[in-house]
Every structure is written in C-alpha cells, then in structure tokens.
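Visitor: The structure is given below, and queries will be raised subsequently.
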Protein chains: 2
Amino acid sequence: MEKKNRTSLSQKWENQLSQAGYRITQPRRAILDIIAETERPLTPVEIFDLAGAQSAGIGLVTVYRTIEKLEELHLVEHVHHLGDCQTVFRCSEQHQHLLICTKCGSSYYFDGLEVEEQFNQIGKKFGYRITEHWLQLAGLCEECQKNNPKDRK
Amino acid sequence: MEKKNRTSLSQKWENQLSQAGYRITQPRRAILDIIAETERPLTPVEIFDLAGAQSAGIGLVTVYRTIEKLEELHLVEHVHHLGDCQTVFRCSEQHQHLLICTKCGSSYYFDGLEVEEQFNQIGKKFGYRITEHWLQLAGLCEECQKNNPKDRK
DNA sequence: TTGATATTGACATTCATTTTCAATAAGAGC
DNA sequence: GCTCTTATTGAAAATGAATGTCAATATCAA
Ligand SMILES: [Mn+2]
Ligand SMILES: [Mn+2]
Ligand SMILES: [Zn+2]
Ligand SMILES: [Zn+2]
C-alpha cells in the first residue's frame, strides 16, 4: 500500500533538486537513496550511518544540509513523535497524515478526509477559525502484531 | 470556556507537589504561578522571564527542574508546534486535545470524541492496531479574528 | 528549634544543530 | 572534452538547549 520504487523516487528527487538549481553530488546521492528507500522516519545520525557516510568520508553536516534542501522543496518533512522530534520522512504528494508503528517505525500516509470535515466544527465551538491541523496515529503494524517485528534495519 | 482560576490552580499544584514529597520553595512558587496563570504554552526561557527570575536571582536551571516535576505529576505537558517543540502548558484533567491560536498562542483543550471513534477504523484499513493518537488544531481565536490580537504578555 | 536532606544557583558538560572557511567538485558554456 | 564560475564539501569552531556536579542553603518533619 503506497509502496514506492526506490530508484525512481530518488531519481525524481535528483531531478527536482537540479531544476531548483542545486547540484547533484555523490554525498547527496547517497543520502537521497537512504531516505527514499527507507519506510520509516530516520534521524540525521541514522541517515548518516545507513548511508555509510562514515566510511565514505561524508560529513554529518552534509546530511543536515541535504535534509534542509529536501525540506525546502517539500520532499521530506520532520516527524514528531512523543519524545523525539528530529526524525525525517519523505512527504506524501498531497496533504496527508502519518500512521506510525510504535514498534518497528514503519509508516504510511492516509488522507483522513473522514475526520477533517469535523475540525472546523470543533473550532467553531470555541470561536476559532481553523487554519491548520495536525493528526498522527500510532499503533502496531500487521507484522508487529504477529509478534514478528520487522527488523529496524 | 475552561478558564481556570489562577490562584486556586497553582495552590492545587503546590498541594500535589507537597503530597508527592517535594518541597515548596520561593523559586518554585514563582514558576508555578506563571505557568498556571498563562493561557498559552510557554518556553522555559519565557517562564524564566515572566517569573522575573533574572532579577529575583532564580536560575534557569530551576525552571527546567520545576517543569520536570510538574510533568512527572502530569500537571503540565510539552506542546509541539510546527517549528517549536519545547513549550510547556498545563495539562487537561482528562485526555484531550489542544486548540491553539496561531497569532496570540491562547489555547484550549477539547475532547474530540467525535473524531476519535474513527481513528481505529483508519488504522484497520492499513492493518494497524491503533494505540495512540495525536490531534492538534490551530487557527485564529475570536479576538485575533477581530484584528484585535491579544497581547502576548 | 533543630537537624536531615531536598533544593538551589553557579559552573561545567553533553548533545544536536549551525556557522565559518578554505579546498574541491559540479556542470554550464564553450 | 576543457574551462571557469561557484555551489558544495568536510573539518573545526560556535551556538543553543538541556543535563549533571557540587557546595551552600532553605524547607519542613520531628
Ligand atoms: Mn489533514
Ligand atoms: Mn484523543
Ligand atoms: Zn511495526
Ligand atoms: Zn515536536
């Protein structure tokens, strides 16, 4: 469900970065690949590690800078958990909401149209005109319910 | 709507801190008063400033430590905005959700029962068993809609 | 009033992120 | 391809938020 093809996604991102006037470098490519292919929010350090940045001589700073660019182009977003607000995940094309597994972290977007209609009503009760909303669900994914947790690779 | 009486609230908190075995000190009292009487989420530094801590010789560290205690007793909670995850606001008695004004910050709790029922359904679609949810609404409060923004005092 | 000790503020430390800067590599134009 | 401008890089230093250390002090139970 909403699985993305790794190569095509990071390829698409490269194009968008190029079009925005940014250069495609080897460090960037490695970082893009990891973020694009991972089905869960990652911290900068996790991205650094998974990209093999250490051994490839890539600096953690470059991870931060690449995230910055991707965020600017709305290709990734920061995900806020309860105790952790610095993970990064690829954006959904449209405005959507996240559903996150509390055990393995695997995440999906959903639109939530069925509830969004009600937000304005709730606001109205308090005299507010709602302009933003933030909805995130968490629980156990199918795999993790089977007590067969996905690897946190 | 859900306005709290300042004195009785910080008084109540003092009792709870006492009962939990913590001592009531002057610095703590000043910090408690500010958090209890302010109708919007505050950063530790804002609390420090509003409490006149600087001039009273109270350290910022004490603000952090007091927040820690209040959080432990579920009297305050951290509020996450889009770009800001370190503000603190008094808790609602029950599990509720926040409605925050984007202009002046004034905040209210609402229960959201009308939407919560649907969260499980959404999860089910993806095979998830929902255990947590996070809903927060933001917009312009009545005052700020009148272009008469409340003071951020 | 007394005494054990929780709490305090100053200071040092950690940890995440940002800034600075000289060296390097990307890629547009030829 | 080659050249040249300059965006990008990694190392190192700087910042900012939060936490730990510690001796002095204030709280509050007895
Ligand atoms: Mn939405
Ligand atoms: Mn709820
Ligand atoms: Zn899972
Ligand atoms: Zn957050």
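Every residue number used here counts from 1 along the chain in the order it is shown.
Yeah, the Cβs are placed from backbone N, Cα and C, and that goes for glycine too.
Unlike curated entries, TrEMBL annotations are predicted automatically.
This is the feature table in TrEMBL:
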- A:H95, A:E116, A:H133: Fe cation binding site (BINDING)
- A:C101, A:C104, A:C141, A:C144: Zn(2+) binding site (BINDING)
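Are these features on the surface or tucked inside, and what touches them?
Guide: Residue environment of A:H133 (Fe cation binding site) contains 21 other Cβ atoms, counted within 10 Å of its Cβ in all protein chains.
A:C144 (Zn(2+) binding site) falls within a helical segment according to DSSP.
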Visitor: Round to the nearest Å and give the CA-to-CA distance linking A:H133 (Fe cation binding site) with A:C141 (Zn(2+) binding site).
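Guide: About 24 Å separates the two Cα atoms.
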Visitor: Neighbour count first, Cβ atoms within 10 Å, every protein chain included; then name which of A:C141, A:C144 tops the list of binding-site residues.
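Guide: Counting every other Cβ within 10 Å of each candidate, the maximum falls on A:C141.
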Visitor: Would you count the other CB atoms within 10 A of the CB of A:E116 (Fe cation binding site), including those on all shown protein chains?
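Guide: Excluding its own Cβ, A:E116 (Fe cation binding site) sees 15 Cβ atoms within 10 Å.
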Visitor: If you count Cβ atoms within 10 Å of the Cβ of A:C104 (Zn(2+) binding site), leaving out that atom itself, what do you get?
Guide: 19
Visitor: Fewest neighbouring Cβ atoms within 10 Å: which of the binding-site residues A:H95, A:C101?
Guide: A:H95
Visitor: Sorry to bug you, but what's the C-alpha spacing from A:H95 (Fe cation binding site) to A:C144 (Zn(2+) binding site), rounded to the closest Å?
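Guide: A Cα-Cα distance of 27 Å.
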